[in-house]
Amino acid sequence: MPLVAHTRLPTFERLKQEGQTVLSEDYAFQQDIRELHIGFLNMMPDAALAATERQFLRLVNESNLIAQFHIHPFTLGTLPRGDKAQAHIAQYYDKFEDLQEQGLDALIITGANPAAPHLEDEPFWDGLCEVVAWAQENVTSTLCSCLASHALVQHLWGIRRRPLGFKRWGVYSHAVTMPEHPLVNDLNTRFDVPHSRFNQIDREPLEAVGVQVLVESTEAGVHMAVSPDLFRMVFMQGHPEYDTVSLLKEYRREVTRWFDGTRADYPPFPQNYLRPKAKAILNEYRLEQEKAKRLGKPLPDFPEKLLLPMLHNTWCDTAKVFYSNWIGKVYQLTNNDRRKPFMEGVNPDDPLGLRQQLGI
């Protein structure tokens, strides 16, 4: 299901340069195929805005090569933005009010950079709740990433996330816990997912309100769960959209914070991510940093080019299969009129018919 470059969003050109299939609008118009319209609520901070576009759009684009995708990025006006990001948004992003009028088949909601002790005090809170209230009535399925999952589980069911007291950071092994669900069809029974968070929502409070857990890790906890109707909302605590280098970039950011004094302790390595040789290189880099800091010298160059060939990606293939499953089900269930969430005869409280099948 290739993306259609229906706007001049620079991410389309970046993906084409990577070898991704991105159709021109003229070419797509010649194909007699009902395109799928997917909203993309990007709440990430300015520095990660474009990278987050690429990560999620890449997964959507690789999910299938038959249908067409029109991606509609939008954001919330309450999020603080610099001039450059604001100009990017003004030029390339849709307005939520327009999307409400035009309709969407599916919606992806990114995480965000936490700025307040409590989620309800975050600048995105009211706007996010408004978007989801509309989506629950008008969108076939909504996929929520990390902090968005935490916020919406709290908003919808009053479940507050649990502080871990440390950062769950690295790549962890997971297992499918509900193999009969079509969203995990053809996924490996065990696979890896990156995590990067200080908080967690556990299985027990989710199950108490009817949320079903699909994927879980003995070490990292719940990764994927679905709303009680089993499809209309999909929650993720992990980051299957991450690039191979994403955790390394986070590590680089943290060691820079230590060097400039905004972090007290030197950061640990992300778990299960770096090979021994990569750790040895980074330990040498730490010694260089410590010496430079003692002598009042500039931050030494980070050895990213040396490290890149040593990084493995053990999660991307599974992420592609999941996105294929999710988008395929949206395509099967959505109405031909994208202002309506389902085709005639689909039960909104059990769109997959799975609750009835399983006797839930």
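Cβ atoms are placed via backbone N, Cα and C, with glycine included.
So that you can see what the record holds, here are the features copied from Swiss-Prot:
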ACT_SITE  CYS146  active site, acyl-thioester intermediate
ACT_SITE  HIS239  active site, proton acceptor
ACT_SITE  GLU241  active site
SITE      ASN113  site 'Important for acyl-CoA specificity'
SITE      ALA115  site 'Important for acyl-CoA specificity'
SITE      LEU147  site 'Important for acyl-CoA specificity'
SITE      SER196  site 'Important for substrate specificity'
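A distance of 11 Å separates the Cα atom of GLU241 (active site) from that of the residue listed as 'active site, acyl-thioester intermediate'. SER196 (site 'Important for substrate specificity') has its Cα within 10 Å of the Cα of these recorded positions: CYS146, HIS239, taken from ASN113, ALA115, CYS146, HIS239. Taking Cβ-Cβ distances under 8 Å and a sequence separation of 6 or more, the neighbours of LEU147 (site 'Important for acyl-CoA specificity') in its chain are MET43, GLY111, ALA112, PRO114, LEU119, ARG197. Other C-beta atoms found within 10 angstroms of the C-beta of SER196 (site 'Important for substrate specificity') number 18, with every protein chain shown included. Straight-line distance linking the Cα atoms of ASN113 (site 'Important for acyl-CoA specificity') and CYS146 (active site, acyl-thioester intermediate), rounded to a whole number, equals 11 Å. Of all the recorded positions listed (ALA115, CYS146), CYS146 sits in the most crowded Cβ setting, with the most other Cβ atoms within 10 Å. A distance of 20 Å separates the Cα atom of the residue listed as 'active site, proton acceptor' from that of ALA115 (site 'Important for acyl-CoA specificity').
Spacing of ALA115 (site 'Important for acyl-CoA specificity') relative to CYS146 (active site, acyl-thioester intermediate) is 15 Å (Cα to Cα, whole number). Most Cβ neighbours within 10 Å, among the recorded positions ASN113, HIS239, GLU241: GLU241 holds that distinction in the structure as shown.
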